[in-house]
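Here's what Swiss-Prot has on this protein:
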DOMAIN    30-209  domain 'BPL/LPL catalytic'
BINDING   Arg69, Gly70, Gly71, Lys72, Phe73, Thr74, Phe75, His76, Ala143, Ile144, Gly145, Gly156, Ile157, Ala158  substrate binding site
SITE      Lys140  site 'Lowers pKa of active site Cys'
ACT_SITE  Cys174  active site, acyl-thioester intermediate
Amino acid sequence: MVQFITIPTPIDYQDSLMLMEDYVNKVIDGEAPEAVYLVEHLDVYTAGTNYKQEELLNHNNIPVIYTGRGGKFTFHGAGQRVIYPILNLALPNRTKDLKLYVRMLEEWIINSLDIFGIKAYIIKNKVGIWVKTNDDIPSKIAAIGVRVRKWVTYHGIAINISTDLSKFNGIIPCGLENSLVTSLNQLGVYIEMTEFDKILEVEFIKIFK
């Protein structure tokens with residue numbers, strides 16, 4: 001059974017990376033069960049393996065960390081739920097297919113948002129989860145960037161709950177120029193992080209049996 005582990009206070013990105021990589025090694029060695037970490041980071045810009053330096057516009061004294069996950073620049077900070085599924089795709093009940101895994105992550109988040117009346121969707125060739133705001137313009141509500149080691153997944157998803165969206169102005173999010181970002185709060189949904197986590201766990205079980 002996959003266990004959900006919540007870090008109750010905001011955590012430094014580097015500290016969470018060490019925690020995550022240590023747990024990945026334990027799963028690979030058969031010393032720990034699969035898990036989903038739920039965290040909230042201190043303000044940080046992270047760059048994936050496909051980043052371009054010109055996509056960092058102005059870091060405004062926010063730390064910048066270059067990571068091994070897929071994707072480009074994104075922001076993590078207060079009011080954002082970051083989800084790190086550490087799953088073993090080599091297990092008999094899973095599939096060694098990274099594209100399928102990402103599609104399952106997308107479905108999980110889309111279904112979770114639907115509980116709140118938010119109709120989210122994916123856009124071809126644009127990684128992440130999108131919604132249409134009042135002006136009918138696509139806005140990203142969740143970013144996805146994953147990595148796999150010996151078929152054990154790590155890194156994951158960042159969903160904007162009550163995030164200060166102005167912090168995204170320092171980057172070109174995910175390398176998509178002129179793209180907009182949004183949050184549950186901006187869409188009129190106000191919910192405690194712990195309540196959102198409960199929905200995530202319920203919907204996770206439906207997708208990752």
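Yeah, the Cβs are placed from backbone N, Cα and C, and that goes for glycine too.
Known features from Swiss-Prot, placed on the structure.
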residue : record                               : DSSP (3 states)
Arg69   : substrate binding site               : coil
Phe75   : substrate binding site               : strand
Lys140  : site 'Lowers pKa of active site Cys' : strand
Gly145  : substrate binding site               : strand
Ile157  : substrate binding site               : strand
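The predicted model assigns the domain 'BPL/LPL catalytic' (30-209) a mean pLDDT of 90. Between the CA atoms of Gly71 (substrate binding site) and Lys140 (site 'Lowers pKa of active site Cys') there is a gap of 14 Å.
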